[in-house]
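Residues or ranges marked as domain 'Thiolase N-terminal' by TrEMBL: 18-286. The annotation active site, acyl-thioester intermediate is assigned in TrEMBL to Cys102. Taken from TrEMBL, the feature domain 'Thiolase C-terminal' applies to 295-440. As annotated by TrEMBL, active site, proton acceptor applies to His393, Cys428.
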Amino acid sequence: MATSPARKSDASQGRRRVAVLGGNRIPFARSDGAYANASNQDMLTAAITGASDRFNLKGERLGAVIAGAVLKLSRDFNLTRESVLGSPLSPYTQAFDLQQACGTGLQAAIVGADGIALGRYESVLAGGVDTTSDAPINFGDDLRHTLLAIRRAKDNVTRLKLLGKLPAALGVDIPQNGEPRTGLSMGEHAAITAKQMGVKRTDQDALAAASHQKMAAAYDRGFFDDLISPFLGLYRDDNLRPNSSVEKLATLKPVFGVKHGDATMTAGNSTPLTDGASVALLSSEEWAAERGLPVLAYFVDGETAAVDYINGPDGLLMAPTYAVPRLLARNGLTLQDFDFYEIHEAFASVVLATLQAWESADYCKERLGLDKPLGAIDRSKLNVNGSSLAAGHPFAATGGRIVAQLAKQLAEKKAETGKPVRGLISVCAAGGQGVTAILEA
């Protein structure tokens, strides 16, 4: 229960309160499945259109639409604006792209919330989209440089000489899920951290099974009815396995960290490659009241951190362990002052390693510079309606999903108890970054 006092009210600091009114996403789909022929623009336009239908935004000029994608084709250079132009929103709605790997959607919400708090915007749609089915495939630098040289050539003789180089230059860069600085995938990096911190396979499988079971139950009780709009024949996330169990997951072979032995990470306790899009609707209180839109929660604050995963001691996906204590300190809170914890399940091992780090006196002192550990959370409050292991993880779309989902959870809890409630969001991201936020109702 939210008990500790938060920082001074935004109003006392000249900042307006930022309302979270809900959101919309399309069902997430496993790569090369239902959305195999859908583009980033198709999916983001569908998510925005669903939000427009839900909140009666047809013809509305919003303050901004802020979104992005991790994997983009060259045609997607103005992705968010083009998606707005294909939606029912007013064409006078400005839009721009933002990208921070898997933290994109949440970072878009932070940027939008700051704009609303400062009076720059009255309303914002924030989110993201990604497809690994329609991933960019580029020709190599040799071909690119040759074609550019042909374009710059001053005479036909030079052009013919350059054309003769083309057969040897026809190299193709196949998309790879690896960190540019290390060559290792996020999964391999997570496996290193899991081994270093002794994260058990059984605990990972238990977390994964629980995510599927909780999300399936949430679907069955209608929780997602006003958070999702159908797309291309899908009405639910097709990665969801309602009958998932620890026993079934235990039969899967490890896929990450295999070369180093004691591997614990499988396809079942890791998120699959996924396609999808999401947006969350944020606004000033006045804008919401004028349109009769109920406020589900308030976006209080956000914090982003980065770690040295190349030469330092930190794991690639452990930056949220640094961001959260800064966020707590600025808002006068402890880790226990939350009713819900939404920790992105890129891999079950990362969620468990993050919680373990906050419980460790040594980690908190040596890495975070804290006098004492942040402590343990009540795990019954963790990802209560399921998270990425069940829904899937279209990289840039996860943040928008979590913001809208948490806002609804907070609204339901407050209506049930009649007391103030608070939620914490934590999203790890490639490049050794982590994006976190606090919502209240």
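Don't overthink the numbers, they just go from 1 along the chain as shown.
Including glycine, each Cβ sits where the backbone N, Cα and C put it.
Note: TrEMBL annotation is automatic and uncurated.
Sorting each residue of the domain 'Thiolase C-terminal' (295-440) by its DSSP state yields 59 helix, 33 strand, 54 coil. For Cys428 (active site, proton acceptor), the number of other Cβ atoms no farther than 10 Å from its own Cβ, over all displayed protein chains, is 31. Residues within less than 8 Å, Cβ to Cβ, of Cys102 (active site, acyl-thioester intermediate) and separated from it by at least 6 positions along the same chain comprise Val70, His344, Ala346, His393, Phe395, Ala396, Thr398, Gly399, Val427, Cys428, Ala429, Ala430. Classification of Cys102 (active site, acyl-thioester intermediate) by DSSP places it within a strand. Using a 10 Å Cβ-Cβ cutoff, His393 (active site, proton acceptor) registers 25 neighbours.
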